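Below is one structure, written out as structure tokens; the observations come after it.
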Amino acid sequence: MDGIITTDDSWEVAGRRFRSRLIVGTGRYKDLPETAAAIEASGAEIVTVAVRRVNTSDPSAPLLQDFVSPERYTYLPNTAGCHTAQEAVRTLRLAREAGGWNLVKLEVLGPPPYLYPDMAGTFEAAAALIADGFEVMVYCADDPVAAKRLEEMGCVAIMPLGAPIGSGMGVVNPYMIRAIKAQARVPVLVDAGIGTASEAAFAMELGCDAVLLNSAIAHAGDPVRMARAMKAAVGAGRDAFLARRMPRDYRADASSPTKGLIAG
Amino acid sequence: MQSPITLTVNGEAKALPAPASVADLLASIGLDGRKVAVERNLEIVPRSLWPVTPLESGDELEIVAFIGGG
């Protein structure tokens with residue numbers, strides 16, 4: 001990002017252009033109508049989705065597509081729950097067949113309780129997916145060396161965690177997020193860890209191109225209202241980044257003129 | 001008369017009258033094929049090949065769709 005303010009502050013990933021800098025997950029909602037209402041309120045144009053076995057004993061059960069239209073939203077299939085490169089590649093090949101597109105979110109996870117990105121598995125899966133024609137947005141550790149390597153391999157977006165998935169701990173290592181963004185030539189998104197609106201704004205103030213979150217909305221007391229808050233927060237954080245914040249100083253610097261004081 | 005084909009579909013046993021294709025399997029379950037993907041013995045079966053891909057006893061099939069996820 002060059003910091004120049006333009007009326008069109010859209011961003012681009014893998015040749016696709018988007019206006020919203022908020023990507024939202026579609027999981028963990030009470031039901032599909034609540035999912036649809038929250039996504040609508042978030043203003044998101046990209047939604048992440050998971051790939052799972054269909055319920056063969058209830059083939060008429062409503063599907064996500066019936067409530068969140070793939071014509072209206074760009075579906076970003078993920079590999080949530082995959083702990084090996086093989087599982088992740090297999091899952092995304094099925095996703096491509098189900099949806100017919102190749103823009104995907106890769107995540108290869110370590111064990112509970114942190115589900116921290118398994119970077120060895122992530123590199124292996126990214127290489128296989130890129131060789132197979134996928135455009136890979138990659139969930140990764142907040143490690144600038146790993147992030148650069150993923151970019152050089154051909155990943156189309158780098159998505160370091162703010163904090164563990166679903167933890168709501170915010171952006172716990174802002175210095176490395178900033179370092180990853182400073183060196184990147186592809187979009188950088190904070191993915192996972194955001195818990196509330198101020199944390200989404202903070203991620204954007206660091207210069208990130210977008211934010212990806214799910215639980216912060218789905219597990220809020222009022223998901224639709226939190227979706228609205230996140231939309232505003234991402235916009236506010238982006239504007240604050242572009243506006244370039246004032247410097248910090250421990251000393252005061254009075255805002256009102258000292259000239260003309262009545263006691264002068 | 002041929003004996004039925006015995007399959008494993010999404011981890012569960014299922015039998016179909018022989019002969020049967022992937023398309024026959026989806027029809028027997030009653031699934032809307034536009035929203036699912038099918039893997040047979042770890043190989044994707046493209047939608048266009050469902051009617052001409054025969055099933056054999058012992059085949060393992062995965063039928064998946066998109067669900068909510070983060």
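Each residue, glycine too, has its Cβ placed from N, Cα and C.
Just so you know, TrEMBL annotations are computer predictions that nobody has curated.
Feature list (source: TrEMBL):
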type	residues	note
DOMAIN	A:13-257	domain 'Thiazole synthase ThiG'
ACT_SITE	A:Lys105	active site, schiff-base intermediate with DXP
BINDING	A:Gly166, A:Ala192, A:Gly193, A:Asn214, A:Ser215	1-deoxy-D-xylulose 5-phosphate binding site
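Feature map: TrEMBL annotations on the structure.
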| residue | record | DSSP class |
| --- | --- | --- |
| A:Lys105 | active site, schiff-base intermediate with DXP | strand |
| A:Gly166 | 1-deoxy-D-xylulose 5-phosphate binding site | coil |
| A:Ala192 | 1-deoxy-D-xylulose 5-phosphate binding site | coil |
| A:Asn214 | 1-deoxy-D-xylulose 5-phosphate binding site | coil |
For A:Ser215 (1-deoxy-D-xylulose 5-phosphate binding site) and A:Lys105 (active site, schiff-base intermediate with DXP), what Cα-Cα distance in Å is obtained after rounding to a whole number? 17
In sequence order, what residues of the same chain, 6+ apart, have a Cβ less than 8 Å from the Cβ of A:Ala192 (1-deoxy-D-xylulose 5-phosphate binding site)? A:Tyr139, A:Leu161, A:Gly162, A:Ala163, A:Pro164, A:Ile165, A:Gly166, A:Ser167, A:Leu212, A:Leu213
For the binding-site residues listed here (A:Asn214, A:Ser215), tell me which residue's CB has the most neighbouring CB atoms inside 10 Å. A:Asn214
So if I measure Cβ to Cβ from the residue listed as 'active site, schiff-base intermediate with DXP' and keep only same-chain residues at least 6 apart in sequence, which ones fall under 8 Å? A:Thr48, A:Leu76, A:Pro77, A:Asn78, A:Thr79, A:Met137, A:Val138, A:Tyr139, A:Met159, A:Asp191, A:Leu212
Any idea which of the binding-site residues A:Gly166, A:Gly193 has the thinnest Cβ neighbourhood at 10 Å? A:Gly166
Site extent for 1-deoxy-D-xylulose 5-phosphate (largest Cα pair distance over A:Gly166, A:Ala192, A:Gly193, A:Asn214, A:Ser215, Å): 9
